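Asks: First the structure, then my questions, so here it is.
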Amino acid sequence: MNTTILLLLFAPLVGFLINIFFGKSLGKTVSGVIGTATVFISFLCTLCLFSQINSGAETIKFHLADWFTVGSIKVNFSFLLDQLSVLWLLFVTGIGTLIHLYSISYMHDDENMHKFFSYLNLFVFFMIALVAGSNLLIMFIGWEGVGLCSYLLIGFWYKNQDYNDAAKKAFIMNRIGDLGFLIGIFILGYTFNTLEFLEIKSLLGKDVISPSLLSIAALCLFIGACGKSAQLPLSTWLPDAMAGPTPVSALIHAATMVTAGIFMVTRMNFLFDLTPDVQNVIAIVGTITAVVAASIGLVQNDIKKVLAYSTVSQLGLMFLALGLGAYEVAVFHVITHAFFKACLFLGSGSVIHALHGEQDMRNMGGLRKVMPITFWTMMISTLAISGIFPFSGFWSKDEILMTAFHANIPLWVIGSIASIMTAFYMFRLMYLTFFNDFRGTEEQKHHLHESPALITVPLIILGTLAAVGGVISLPGNSWLNHYMAPLFAHKAHGEHHLDSQAYMLMAIATIGALVGIGIAYSMYLKKKQVPVADNEVQGLHKVLSNKYYLDEIYMAIIVKPLYAISTFAKNFIEKYLSKTVFGFGSATYALSIQGKRIQNGNIGVYLFAFILGICGFLIYLFNIRN
Amino acid sequence: MNISIVLIVLLVGAIATYVSGNKLASKIALLTSIAAFGATLYALNAFNGGENLDVNTIWINRPAVNFALHVDGLSMAMLLLTTGLLPLIIASGFVTKFENEKAIYALMLFMGFAMAGTFLAADGFLYYIFWEIALIPIYFIALKWGNGDIEARKKAILKFFIYTFAGSLFMLLAFIYLYTKGGSFDINKLYALQLNSTEKTYIFFAFFLAYAIKIPVVPFHTWQANTYSKAPGVGTMLLSGIMLKMGLYSVLRWQLPLSDSAAKEYMPIIVALSIAGIIYGAVVTLKQKNIKKLLAYSSLSHVGLIAAGLYSLTIEGFQGAVLQMLSHGLVIVGLFYVVELIYNRYHTYEIKEMGGIRIQDTYFASLFMIIMLASVALPTTFNFIGEFNLLYSLFKVNMWYAIIAGTTIILGAFYMLRMFQKVMLGGETKSFQKISKQESIVLVIIVVVTIFFGLFPQPIIDLIEPSLQSILTQIK
């Protein structure tokens, strides 16, 4: 058992070390194979643990080593392998393996391929730590570690300073969230004298703790989740993160890392259950993010940007579910989303690969015939994300909306609007990319080709999962809810009965999706519209194209003033302070020059001063006597 | 054995270095510093085995001054920092060709001697002497081997000297006053003095002036950036890596225990001042154009956090402060060494004249990046352990303290990543000769030690905790 866990935890780290130190001499293919194999080993180990846990085995607590003590709090390298973490690891390492495999082909022309694989391995290692950690600080190691890998991989092509800016932005915005996370850790550590999840859980039931303090702790943790999972107002880094190679976008910025916030809230569900006010905040933030990001996605022309906003929007829906306390529903959507969004990103990578780096959909079109596998797998995933029966996204999104309908009608309405937008922009993407005639250069047209098997096989596997993934949690007969039941205090929300109301909601959702698809169909397939050039965009469209000017607003109210203050402090305060301090020195110097003048050797002056002194002394004595 | 052996090694080594002449000086100096480190490790082993390493002999009869050295976990940790960093700093000197090598290396060792003495002295007078003589070598190092125009340099170094010296005079006054009360400079007798609260307040602020300038705490920092940028690389490393910690250490050893009630009374103000310094330092760092000044201001921000932890009067704050002194010492030496390596190739400290280095030397870039990430306290680096303790201690005092001080993790990432991007990333602009194996050794050692103690910090915590607990008891 211990060997399995050690292998699971450290295989990707070994892969990282091999690739970083020897990767270059091993050659591209070997380093790619090592990178893939180590993640696959983790996957196999996870599978082994999963089969045990699924058949009812005890939760595994694994103590690796002591780490350090803070005051009276002991922090250890220890891991908790329960239903939640094992399930999460299953798709992290599973999809991770597929994306590593894909990258062997995708990155083959890059001279630093071994570095790419080493970073990717390091990412998987930290992601495993994040998920498997049994206390908040191990989770925090993983949390910051995946942020680092994200930074390294967004800026993988570091010759380009725009990419470096994107990488830096991602790291810093995540750090804003991390401060929240850290304060949350402090509050919990201070209150419970431990950072272990299970201990906090049991103490929460026993002790009487001020509810407001718990609320602040929960809110702080949620701020951390906002940073990592790109929720408003910390969302703007994720679209920029698309500067990284496409496999990175698929693995880190769609399927795994960005769902860490959802994982964290789910892991701490016992805390959030006690803080309904924070749950409301989560639901509202999630819903607003879902609709805002979806609306921006409507007008994006970069194929990866569309998918990026779609990811932000889908994460918003997951937070909506979390805010309503429907943790298993959120987890369900995380899993189906991981399937179809990874597939979509890898598919877009396949397209970009075929077009030699072209990402603008205005210069695509008609690729359906030359790239059938890419097309069909992406089509299935598009149907899934749009919520079309019976693809996986239909089931999971339906659960979220149904939960929202029962809890709060306005949230349901807004969530539904976001879903309609999703159907629209996804079909817009498909029509612009794969239908009508090719709009690129003759040169590109000449080289169009379907991608090799290393790229298409992962696509086919993910496409299949995107199609049938819904079976893990069908209404009324949910394996997932049953599996996760021990984690949550309440009865699963997902167990909605298939009554007439449920059928009605499904019908409404489906009609909504079809409306979105229909509009896209008439605009981009029937009328063959192509989005206008960037400088011709007007009105609301312009606001959306510019992402509601969020970046500009942050620039104007935060970054620019900070720079201004910095320059002011550097050029003014520092000088002034220095002058003041050393003014004491100059004053002394000036005084001594004056003093020098008194001692001029003139006996008359000395005598005068002497008599003056005596007179003064006598007056002083006289005054005291009286 | 007793601990004076370490001091003797350093002092004799300094003389031997000077005598051996320019050709051998650097090697003798390196050997001496390694020997001193070895002696320290040996002493550590003996200390952990329960052996008493103290020295106490009469030095001057009137006034009663003893040559008294005391070893506890705290001074052991500081001694490890001093003798551990010295070989690294001396080895970093190898990349630069100095005039009159025998003098500069001898001065470096002599400075190590004085600083080690400061950390060990258990007699107020002796401590004061060590404290002050540490200034002399750095004064000459900065003056004779520094950068830039000689007149500007002279001015900056003189300001530094006079400013810190003036601050220390208040400390001397405090010691003299305490001596008149108890007739002894012995630290335990000083601890045992019964002072009223007014006296304690005066003592507190007299020490505070000396230490606030030395550490430095905003707004007493005006000497720092200029001195750092004018001093040669090794001088900057000595200043930022070790000397800066003399003030912080002394807060723990002398100021807080001797002025306990005043320390408690003024805690909120001093902590707030320190936190203001963290933010101010970080903000000023952001727009610096000279990389040495940038690192100087980043240090200002980091020591602000350490000072805040010390004055929070919590065990977590004390622990975090000592851990952060060690980790900051390592990392800042690494960063200034990186700067020297770049300077040797580009002959400039201006950030805008750098860039495109990573693409030419990825090995160097990786080492630099790890050290940079350590300085922003990424978990699994040593710096994280200290920073976590420090922020937690501030949280225990007041949640808002932790939130405001915590912005350092955001601002720190901001200015460090920005600097790294400008200095290292982008396309090739100027050709950069790859760093050699020998040049990289110092960086590799720093990286390995930083990660090692990030993963296994407990031995150090166990070493320092009892002594910090007893200081805390003394205060409470």
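From the backbone N, Cα and C atoms, a Cβ is placed for every residue, glycine too.
From TrEMBL, for reference:
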type     : residues  : note
TRANSMEM : B:6-21    : transmembrane segment
TRANSMEM : B:28-47   : transmembrane segment
TRANSMEM : B:67-91   : transmembrane segment
TRANSMEM : B:103-122 : transmembrane segment
DOMAIN   : B:123-408 : domain 'NADH:quinone oxidoreductase/Mrp antiporter transmembrane'
TRANSMEM : B:128-145 : transmembrane segment
TRANSMEM : B:157-180 : transmembrane segment
TRANSMEM : B:234-254 : transmembrane segment
TRANSMEM : B:266-287 : transmembrane segment
TRANSMEM : B:294-313 : transmembrane segment
TRANSMEM : B:325-343 : transmembrane segment
TRANSMEM : B:398-420 : transmembrane segment
TRANSMEM : B:441-461 : transmembrane segment
Asks: Of the listed stretches B:67-91, B:128-145, B:398-420, which one has the most C-beta pairs under 8 A with the transmembrane segment (B:234-254)?
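Replies: The listed stretch sharing the most Cβ pairs with the transmembrane segment (B:234-254) is B:67-91.
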Asks: Any chance you could find the range in B:6-21, B:103-122, B:325-343, B:398-420, B:441-461 with the most Cβ pairs under 8 Å to the transmembrane segment (B:266-287)?
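Replies: Checked against B:6-21, B:103-122, B:325-343, B:398-420, B:441-461; highest Cβ contact count belongs to B:398-420.
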Asks: The transmembrane segment (B:67-91): which same-chain residues, six or more beyond its ends, come within Cβ distance under 8 Å?
Replies: 2-4, 6-7, 10, 26, 29-30, 33-34, 36-37, 39-41, 43-44, 47, 53-59, 105, 108-109, 112, 115-117, 119-123, 126, 186-187, 234, 237-238, 241-242, 245, 249, 252-253, 322, 325-326, 329-330, 333, 337, 441-442, 445-446, 460, 463-468, 470-471
Asks: What residues elsewhere in the chain lie close to the transmembrane segment (B:6-21), defined as a C-beta under 8 angstroms and at least 6 residues from its ends?
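Replies: For the transmembrane segment (B:6-21), the far contacts come to 28-29, 31-33, 35-36, 39-40, 43, 69, 79, 83, 102-103, 105-107, 109-110, 112-113, 116-117, 120.
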Asks: If we skip the immediate neighbours and take only residues 6+ beyond the ends of the transmembrane segment (B:128-145), which ones have a Cβ under 8 Å from one of its Cβ atoms?
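Replies: That would be 98-100, 103-104, 107-108, 110-111, 114-115, 117-118, 121, 153-154, 157, 160-161, 164-165, 168, 171-172, 175, 227, 230-232, 234-235, 238-239, 243, 246, 250.
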Asks: Tally Cβ pairs under 8 Å between the transmembrane segment (B:441-461) and each listed stretch (B:28-47, B:325-343, B:398-420), then give the stretch with the top tally.
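Replies: Between the stretches B:28-47, B:325-343, B:398-420, B:325-343 has the largest tally.
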